[in-house]
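As given in TrEMBL:
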| type | residues | note |
| --- | --- | --- |
| SITE | Arg15 | site 'Transition state stabilizer' |
| SITE | Lys22 | site 'Transition state stabilizer' |
| SITE | Arg157 | site 'Positions MEP for the nucleophilic attack' |
| SITE | Lys219 | site 'Positions MEP for the nucleophilic attack' |
Amino acid sequence: MSTVGVILAGGVGRRVGRGTPKQLIPIAGRSILEHTLAVFDGSPEIDEIVVLMTPGYADQVREIVERRGFGKVGQIVDGGESRTESTWRALRAIGHRECDVLLHDAVRPLLEPRIITACVRALQTHTAVEVAIPSSDTILVAAPGPGGEIIGDVLDRSLLRRAQTPQCFRLSVIREAYERALADPEFERRPATDDCGVVLRYLPDVPIHLVPGSERNMKVTHPDDLHLAERLFHLADAGVPAPGPAGRRAGLDGATVVVFGPGRDLALLAEQEGARTRVFAGEVRVEDHDAVVKALASVGRVDHVVYAPEVPHLGGLADAADETLRTGYLGPVNVARAAHPHLRETRGGLLIGTHGHTEGGAAHSLRSSARAAVADLTRALAAEWAGEGVRVNCVDPGAPAQTWLDILVSGLTGRVPGGA
Ligand SMILES: Nc1ccn([C@@H]2O[C@H](COP(=O)(O)OP(=O)(O)OP(=O)(O)O)[C@@H](O)[C@H]2O)c(=O)n1
Ligand SMILES: C[C@](O)(CO)[C@H](O)COP(=O)(O)O
């Protein structure tokens, strides 16, 4: 039986309150929807994807699907007026051939693949499956009282769970629940806020099995959630995915890697994976934009550019050497500007070494602020160049050379080290 992932992206994001549907807002260098699609398209358990999109925005989905080569996206369908109406449209688009369906909020982009695996496994023995996590707050039932609300009840927290998505069903089960709901005039007056609610109300004899979710699988609902999700992405990426020997070779074999700064170890490692490398250490002054442009022009095709600055001395502003300004601020900007036309042509990647963690922050003001500047530059450029397929990441200078290469071939963009 095949497994269809349904991405519910038909809303407008009223509570986030931007002029554009919130699923198209960029986080960590890509739109929320793109992150979510990447999880489903990359899951071996998913055979096909149906996207329900806000009417008028299907072209944006097509652009993402084509640019990222998301081959499993079979249909892009206009969403309905409500979440449940979007689900119903998805069920109609899938048709009557029995299959398993995983309905997921597009705005939960931090879904871990292991949750999809657990859901698909659970569907082998259950016809309805829900992802949920324990509630860490005590939940109250409010009641009308004198001058406002009072507590009507305090629920038993040990039994409380917070519903997430995916919510997963055998197609015939969720279809029957919806057919009953749509035939019930009461459903319009008292709609459901999720799909399990529809099954529970209209097919009460079908047990809905619970699978553990995760705190990270948050829903972007309010403006602050955008900041939280951004931070969580960077924490999630803190352990850069290890591509393995085959992935490393596939990413570097035949590619040209240009390093600015003392990056000999990195270059040697890249060469072992089949890359052609060029290191510009002391001979190119990175504060001189024209010199960086010339250096890159002398290489020919460029797939990856790495900026690996010397780690500067520590100290307060008064003691800071011009070298820190040069390598911390001007270097990253000049290398990025000069590398852009090359990387746009090859859809390549830029990796910027930061000035590392500062112990006791305030004592090393220039170095700390340079690190923050590089982190923000990375995020901004990742978003700015995402449409051109150019990836931009940064890394701590102390990270092993292997980690630098793993980031280069990872497909990540907008990645900054935790805490930057
Ligand atoms: N008519 C709708 C409404 C919502 N959704 C999707 O359901 C998920 C969860 O809904 P929610 O967070 O409420 O999204 P919005 O409806 O966009 O937000 P708001 O209620 O603030 O407008 C989102 O991925 C949203 O795009 C949908 O497919 N069709
Ligand atoms: C389905 C859901 O994400 C489970 O928590 C939630 O009910 C959706 O609610 P929303 O108001 O449509 O965001």
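Cβ from N, Cα, C; glycine included.
Predicted, not measured: the structure shown is a model, and the values here were computed from it.
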Quick tally, other C-beta within 10 angstroms, Arg15, Lys22, Arg157, Lys219; top of the recorded sites is Lys22
Recorded sites Lys22, Arg157, Lys219: those with Cβ under 6 Å from an atom of ligand 2 are Lys219
One of the recorded sites Lys22, Arg157, Lys219 has its Cα closest to the Cα of Arg15 (site 'Transition state stabilizer'), namely Lys22
Students should find that the Cα atoms of Lys219 (site 'Positions MEP for the nucleophilic attack') and Arg157 (site 'Positions MEP for the nucleophilic attack') sit apart, in Å rounded to an integer, by 21
DSSP, reduced to three states, assigns Arg157 (site 'Positions MEP for the nucleophilic attack') to helix
For Lys22 (site 'Transition state stabilizer') and Arg157 (site 'Positions MEP for the nucleophilic attack'), the CA-to-CA distance in whole Å is 32
